[in-house]
Amino acid sequence: MATLFIADLHLQTEEPAIVAGFLRFLAVEARQADALYILGDLFEAWIGDDDPNPLHREMAVAIKSLVDSGVPCFFIHGNRDFLIGKRFARESGMTLLPQEKVLDLYGRNVLIMHGDTLCTDDAGYQAFRAKVHNPWVQRPFLTLPLFIRRRIAARMRAGSKAANSSKSLDIMDVNAQTVVAEMEKHRVQWLIHGHTHRPAVHELSANGQPAFRVVLGAWHHEGSMVKVTPDNVELIAFPL
């Protein structure tokens with residue numbers, strides 16, 4: 001019995017080794033799981049479910065194969081792929097979840113999320129996030145021709161990279177008070193998230209008790225997953 005969590009794969013055709021590693025993960029490790037949760041940024045960018053990128057179809061087929069084998073797959077949007085919609089969810093068999101979800105995992109209540117909402121010290125990013133998550137912004141964007149959406153997305157990624165290069169690492173990490181507030185709001189002692197690309201298990205105090213924040217790593221030269229069993233919560237790095 002095990003439930004698996006991954007995040008921040010940033011899949012793109014320019015990184016075939018990561019794509020191949022994910023396909024192998026779906027065919028091997030994930031097939032033995034009770035469920036797979038993808039906590040955002042599965043893709044490097046997403047400009048709409050109507051994008052004919054062959055990689056998207058390939059990933060949908062692979063995830064659907066996992067689901068059809070009896071392993072449910074759940075997805076929380078990240079900051080790169082927040083426009084993944086019902087069409088891709090239907091094609092891949094994934095179940096879309098809200099940005100925060102509490103799970104009962106073998107007797108543990110675990111809060112899961114992408115993690116970008118915890119980085120409250122980065123006021124500029126939070127303002128940008130609020131804007132692009134506004135349905136009144138998303139709907140007009142999704143009606144634009146694909147070539148225009150690609151240009152806008154490329155410009156936004158370049159702008160984000162430039163902005164991040166001038167920010168301190170502390171600003172781009174989670175805010176400790178925000179973490180505790182979220183865990184106490186949901187009355188949990190466990191939190192699993194991604195986004196920061198800083199894999200670690202942090203011990204803290206919440207609800208007057210010891211608590212744990214488990215941060216998934218990004219997939220680069222190796223993969224990263226959290227494996228939850230009735231007896232343990234493990235952060236695991238593995239070769240792609």
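From the backbone N, Cα and C atoms, a Cβ is placed for every residue, glycine too.
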Of His195, His197, His202, which does Swiss-Prot put in the Mn(2+) 2 site with Asp41, Asn79, His114? His195
Those binding-site residues of Asn79, His114, Asp122 having Cα within 10 angstroms of Asp41 (Mn(2+) 1 binding site): Asn79, His114
Taking all protein chains shown into account, the Cβ-based neighbour count within 10 Å for His195 (Mn(2+) 2 binding site) is 26
Among Asp8, Asp41, Asp122, which are binding-site residues, the residue with the most C-beta atoms within 10 angstroms of its C-beta: Asp41
Just to verify a number: CA distance, His195 (Mn(2+) 2 binding site) to Asp122 (substrate binding site), in angstrom, no decimals. 13
Cβ within 8 Å of the Mn(2+) 2 site centroid (Asp41, Asn79, His114, His195 excluded): which residues? Ala7, Asp8, Leu39, Gly40, His77, Gly78, Arg80, Gly115, Asp116, Gly194
